[in-house]
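What TrEMBL says about this protein:
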TRANSMEM  12-30  transmembrane segment
TRANSMEM  51-69  transmembrane segment
TRANSMEM  75-92  transmembrane segment
TRANSMEM  135-163  transmembrane segment
Amino acid sequence: MTEIFSHTACRQLSQMVFAMIFFHISEYILAIAIHGKMNVTLKSLLMSKNYLLAMICSLLEYIVEIYFFPGLKEHWWISNVGLVLVVIGEIIRKLAIVTAGRAFTHLIKRYHEDHHKLVTHGVYRYTRHPGYCGFFIWSVGTQIMLCNPLSTLAFAVVVLRFFQQRIPYEEYFLQQFFGSEYEDYSRRTSSGIPFLK
């Protein structure tokens, strides 16, 4: 059981805890800063039952693997690549939020609001959904950072499938709001999610 308290485990797990705390608290703080405290709920922490279940499964995989296969967690270069991906994903997502300002919300808007403008500058110049792109990179990066092969694959598949459903639904409303302007924009840019134009 000493493997769970080894230097490797302490480093990797502390990085994971810090990454999760920073991600969720910064999402909430940015939502309050942009939309005002009265317009933000705890949903802006982005912690669903499915998300918590995924993180618990990830932790269980980590504990089982470090106990039975401690050498699997000693691939520092893999762990460091994951850490870099976590930082890159976080930066992309936060740039998306700050760039979009009030146009960025955690819930899909089904009705056009006066302040809702199509954002095509900054990180949105390169991808239509940089916030989703950043989250995809961040979430998969957390599992690479832990050297969790099963969770890396599971997170990639589950997050990819989630966005394959969410993006077309969201884009339906964006096309309703912005018409040909959005169609032109979507032809020029990728979704930012693998296998999804």
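Sequential numbering from 1, following the chain as shown.
Even glycines carry a Cβ here, placed using N, Cα and C.
Listed as Cβ neighbours of the transmembrane segment (12-30) (distance under 8 Å, sequence separation of 6 or more from its ends, same chain) are residues 40, 42, 44-47, 55, 62, 73, 79, 83, 86, 90, 94, 97-98, 106, 138, 142, 145-147.
With a threshold of 8 Å between CB atoms, the same-chain residues lying at least 6 positions outside the transmembrane segment (75-92) that come near it are 11-12, 15, 19, 22-23, 26, 123, 130-131, 133-147. Same-chain residues lying 6+ beyond the ends of the transmembrane segment (51-69) with a Cβ under 8 Å from its Cβ atoms: 1, 3-4, 6, 8-9, 12-13, 20, 142-143, 146-148, 150-151, 154-155, 158.
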